[in-house]
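Asks: For reference, TrEMBL lists these features for the protein:
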COMPBIAS  1-11  compositional bias 'Basic residues'
REGION    1-58  region 'Disordered'
COMPBIAS  15-42  compositional bias 'Low complexity'
TRANSMEM  69-92  transmembrane segment
REGION    98-126  region 'Disordered'
COMPBIAS  116-126  compositional bias 'Polar residues'
DOMAIN    177-475  domain 'Protein kinase'
BINDING   Lys205  ATP binding site
Amino acid sequence: MSSQLRTRRPSSSRSAMADAFSPPAPSPLAADDLADARLAPWPSSPSPWPAPSRGGGRGARRANPLFTILPVSALAIGLVLLVAVAVILLVTRRARPRKKKMDAAADDDDKPGAATTSSSCGSNNDGRCGGYANAGAAGCIYAGRLGFSTSAPGPKRMSRGAQVFTYRELERATEGFNEGNVVGKGAYGAVFRGRLADGTPAAIKRLRLDHRRQGEREFRIEVDLLSRMDSPYLVGLLGYCADQSHRLLVFEFMPNGSLKSHLHPPSATASPPLDWQTRLGIALDCARALEFLHEHTSPAVIHRDFNCSNVLLDHNLRARVSDFGMAKVGSNKADGQVVTRVLGTTGYLAPEYASTGKLTTKSDVYSYGVVLLELLTGRVPVDTQRPPGQHVLVSWALPRLTNREKLVQMVDPALKGQFALKDLIQVSFLLCSICYFQQVAAIAAMCIQTKAEYRPLMTDVVQSLIPIAKPNPGMSCSSTPLTPALQHVIFMSSQCGDKAAA
Ligand SMILES: Nc1ncnc2c1ncn2[C@@H]1O[C@H](COP(=O)(O)OP(=O)(O)OP(=O)(O)O)[C@@H](O)[C@H]1O
């Protein structure tokens, strides 16, 4: 796909670039200046060197030996320096092709589906990997504003590049922003399904003009960040339009919509509930997205609005994180914090951020814990329709997460119906699933700790989820509902947690 995309620059910027790279024109010298230069005698300073004796006659004085030693030693030093420079050049030239090869290998590892367990990009071992995009290649109009390092750890991938679109082009792509093509609505405008001129499906987000000030800010941040970051766990920015007063963002189209629409569908007629294995895959993808932002970028990026409506699902129900309009570039130190306005979504805000505005990567870890709870329980973060004591998911869940019996009652009712007890393999599958519930619950409990310093790093979360999320080919899951059997096995598996803990 990357090869299909072009980076277009406005012609004015192209000419500005040309100006920047062309050598400065020599300032014209006046004819008088030239004449003066010719006529002016070279300043005659008293020379330290004796005047050469013509003919070397008898009358010539004997040459001082110092005058021979000095030039010879200067010549020798010069030669040594020259040899040293040549050696350095030779070594760096030899080293370069090796580095290129390594980069190429990393690119191969990046290809989705590549059968590799290379951990050249940190904890990523499923073939999806990322790095910073080349800001220049990305064609970002705001390049340089955030002071990003483009040499972040991890392999570099060729940027897909953010294309610049005209309003007309996007109008055509969405059939005139036809209401029938609206796939969702956010705080700052609607998102349309569209098809670009080259046939690429896209999600086109049109910012509403009545939200110009905040919208413009978010637009700039999103273009700035997404043009530079390239990770398979983030929704890719295909381009943008800043045509007169229009502000539009063009994203990769995610055909399965948001995680929110699956976990909390507006109506019962929506798609079938996500199964446990898919939920684990989504949890791992999201953990990797945040790990990428926090630990593979420099300085670290804090998403600041991680929630289940900003997790989008592709055709395989693999997750990618979107919506970077509120993101903050923070410190990459573990205790690095930014004091900022409190923005975000109710129910997902870390307590220290909500009360003091102190934002760290650990604020995202808290929000991640809330999403994990939603995957586990199927509940929304705040639900005033529930009985007293159950309104806020975190306060209701926290004491239950480490209690095996209560945990069983917490599991999303939509999940219980998915397990069947047909044969022994299924029993062991069930037992494993219950172990996994407990392990995921333990991770969630760590992430939603009130004290930020007790929350884990996203790298730790990724490492804990990898063995759980790995699908086991020997186990299968039937769609026959058998809730009493599940309850029975849950009871039988009371020792499972102890084994897992050991
Ligand atoms: N890249 C995409 N592919 C497919 N659908 C998308 C894409 N981006 C957004 N959507 C859909 O549009 C909806 C609105 O997205 P948007 O990012 O504007 O708002 P939000 O994240 O839901 O809310 P807010 O912006 O208020 O936080 C999403 O919930 C999703 O269903």
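Our numbering is plain: 1 for the first residue shown, then up by one each step along the chain.
Positions of Cβ are set from backbone N, Cα and C atoms, glycine also.
Bear in mind that the values here come from a model prediction, so they are computed numbers and not experimental data.
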Asks: I'd like to know the mean pLDDT over the domain 'Protein kinase' (177-475).
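Replies: When the pLDDT values over the domain 'Protein kinase' (177-475) are averaged, the result is 88.
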Asks: Near Lys205 (ATP binding site), how many other Cβ atoms are within 10 Å of its Cβ?
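Replies: So the Cβ neighbour count for Lys205 (ATP binding site) comes to 24.
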Asks: Using DSSP and three states only, what is Lys205 (ATP binding site)?
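Replies: Where Lys205 (ATP binding site) sits, the three-state DSSP reduction gives strand.
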